[in-house]
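As recorded in TrEMBL:
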TRANSMEM  26-45  transmembrane segment
TRANSMEM  66-82  transmembrane segment
TRANSMEM  117-135  transmembrane segment
TRANSMEM  142-161  transmembrane segment
TRANSMEM  173-193  transmembrane segment
TRANSMEM  205-223  transmembrane segment
TRANSMEM  235-254  transmembrane segment
Amino acid sequence: MALIMKYIDSISRYIDSHSDSRTKGWPMMSSPFPTLAVCLTYVYLVKVLGPRLMENRKPLHLQNTLVMYNAIQVVFSAWLFYEIGISGWLTGHYSFRCQPVDYSNNPRTLRMVHACWWYYFSKFTEFMDTIFFVLRKKTSQVTTLHVIHHGCMPMSVWFGVKFTPGGHSTFFGLLNTFVHIVMYTYYMFSAMGPQYQKYLWWKKYLTTLQMVQFILIMVHAFQLLFIDCNYPKAFVWWIGMHAVMFFFLFNEFYKAAYRSRMMVSLRPEMAPPSQLALSHISGPNGPFITGRDQIG
């Protein structure tokens with residue numbers, strides 16, 4: 001036990017000596033272990049404890065809650081998009097080709113640092129997507145891909161806020177918050193009931209939007225491997241490979257869903273339950289053909 005504590009202490013000292021002093025003392029920023037603990041608790045809750053508690057209970061009907069939750073997420077995502085954009089990307093202060101981290105206390109720079117922390121916080125609020133599945137006994141929607149994505153994101157963003165709050169990698173957040181505005185708007189209207197389906201003709205473009213997001217993040221990150229830019233290469237690889245991984249995971253998932261839909265349409269009796277579940281990739285309101293799991 002003493003050896004473990006010594007190891008943890010050495011990690012903490014290393015992080016403190018190399019991290020951005022501006023975020024020192026901010027909530028959850030002193031060490032990666034609180035964030036890791038929350039993420040592991042989330043996984044245990046949605047994969048083990050939650051399903052066990054709901055096993056002999058009726059699913060909860062949460063239509064009004066879902067509408068409110070999605071509306072809040074739309075507003076929150078829109079605010080984050082504005083803050084990240086106004087702090088650099090949409091005002092001409094940031095370069096899409098190479099943007100080093102500004103470690104000064106310039107007001108505009110500090111605004112970006114705060115936006116980065118709130119983006120990190122938003123990853124915890126998105127845990128509710130999965131919790132709503134569990135409360136409504138939609139456990140087939142709590143896929144491994146879904147849990148990996150939501151469980152990893154807070155930890156990934158923590159390192160960005162701790163070491164590089166600003167600069168090139170915040171393009172990731174700009175794109176992701178924009179995608180969230182669109183996705184949560186769709187989920188909000190969908191949760192309102194079937195009478196609103198006629199306004200959701202654009203849902204077929206959501207999958208394309210998600211995949212384009214991954215491609216843009218890959219290109220934007222990996223370009224720094226070929227040019228001279230004062231930005232940490234470790235974070236270039238971290239963000240770029242994150243996008244690559246989820247691009248291929250989602251691509252395989254969507255292909256499986258497409259094959260499942262074809263199987264169901266041609267020979268419904270031949271489709272196993274697991275394939276029927278795959279035919280929908282889910283949002284917090286329930287199963288949607290268009291998909292739920294985006295990089296942020």
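Glycine too: its Cβ is placed from the backbone N, Cα and C atoms.
The transmembrane segment (142-161) is in contact with the transmembrane segment (117-135), judged by 3+ CB-CB distances under 8 Å for residue pairs 6 or more apart in sequence.
Ranking 66-82, 117-135, 205-223 by CB pairs under 8 A with the transmembrane segment (26-45) puts 117-135 at the top. The stretch from 66-82, 117-135, 205-223, 235-254 that makes the most Cβ contacts under 8 Å with the transmembrane segment (173-193) is 66-82.
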